[in-house]
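The following features are taken from TrEMBL:
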type: DOMAIN; residues: 1-217; note: domain 'Thiolase N-terminal'
type: DOMAIN; residues: 226-371; note: domain 'Thiolase C-terminal'
Amino acid sequence: MLKHSRDFNLMRECVLGSSLSPYTPAYDIQQACGTGLQAATAAANAIALGQYDSAAAGGVDTASDAPIAFGNDLRQVLLGLRRAKSNVERLKLVGKLPAALGVEIPVNSEPRTGMSMGEHAAVTAKKMGIKRVDQDELAAASHRNMAAAYDSGFFDDLVTPFLGLYRDNNLRADSSVEKLAKLKPVFGVKAGDATMTAGNSTPLTDGASVALLASEDWAQAHGHEPLAYFVDSETAAVDYVNGPDGLLMAPTYAVPRLLARNGLTLQDFDFYEIHEAFASVVLATLAAWDSDEYCKERLGLDSALGTIDRAKLNVNGSSLAAGHPFAATGGRIVAQLAKQLSEKKKATGQPVRGLISICAAGGQGVAAILEA
C-alpha cells in the first residue's frame, strides 16, 4: 500500500523477479488494510467467471521503509528545472531552492479528519463503552494463541523464513493481562478515560503474504488438494466524517449483507477471523452485532445478529500478535483460515465454514466466507 514511485507496478515487478513465467500478467490494487482480502476476492471472482484457471493474491507493506516524498514547493522547482529551456530559467528556479527545501513524511492519519486510526478507534471505544480490561484480555489471548500455534507447528508450512527470521518478532509469548495493564494509554488521552495502549493496539510492521487460488480442475491437474473454498465476499463503506459511524466500523455493515446473500446467521460458523487492528475495534464490532438498537437503526435489520462463541475467534492468533503490514494482512488471514478449516474438516469429517472481517482506513470494510 505504501509504495515508492519506482514501485508503481509492484506486483508485475514481483512476477518478473520470481520464477514465474514473464508471460504472467499482474496488477496492483489498494484498499488500505483490506487490500489483501480484496485481492483474493478479485482473483476468486475471475476464476469463477472462467477468466483465470489460477491466481496468486496477497499484498506487501513496509513501515520501516515508507516512502518520503519531496514537499510540494521543492517538487515544483525540480520539475521546473527539467522543463526549463534556458540557463536563465534554470537560475531563477535554483534561486528558489533554499526556501523550497522540505519533505513530506507519511503519517498514519485520515486526510478528511487529520486523526489517526487509533484516535478514531478511541472515539468509538468510548462511545460504545469498551472496557480496558476486555481489550487487554483479547490482546493477551491473541499472543497466547499465536505462540501456541507456532509451538504446535501450525505455521511451519505457512510462514516462509526470511534472512533468519522464522516467526513474527512482534509476538510476545509471555504476554498477560497483568503485564498489559501496566501500560499507559496512547490514544484518546485528551478526551479522558483512555483505554487504548501500545499493548492492545496493533503495531505497523513489515510483511508480505500470498495465497494461491485456483479452479478445482486446475488444482487437480497440478496435484494440489484444496484447503478451502472461497465462497463469497462483501465490501462496505461508512460516512465516518459527517455520519454517526466510526472509521473502522464498516465491517458491521458488510457482514450482515454477506450473511443475508448466503442464507446464513452469524452463528453458522466454525471459525471467526476478525482483524485485530485494535482490540477495541474487535470488541466494538461484536458489541454492535449484539445490539438491537445498532442493528435496527444503522443496519436496517429486524433484530440484533447476536453473539458469537468467543472460543472460535482468532484461534491461532491474529494481528495483535502478528503485527499489521497493511496490504499483507488479508492474505495472511485467508491462508490461516483455510488451513484451520482443512484441519478441522479432516479431524471431524464434517463440512466447516469460516468468516473473515477486516476493517480498513477510509471507513471501509471487507468480509468473506470460506468453506471446506
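The backbone N, Cα and C atoms fix where each Cβ goes, and this holds for glycine too.
Because TrEMBL annotations are produced automatically, they should be read as predictions rather than curated entries.
If you take every residue in the domain 'Thiolase C-terminal' (226-371) and average the pLDDT, you get 98. For the domain 'Thiolase C-terminal' (226-371), the DSSP counts in helix, strand and coil order read 58 helix, 31 strand, 57 coil.
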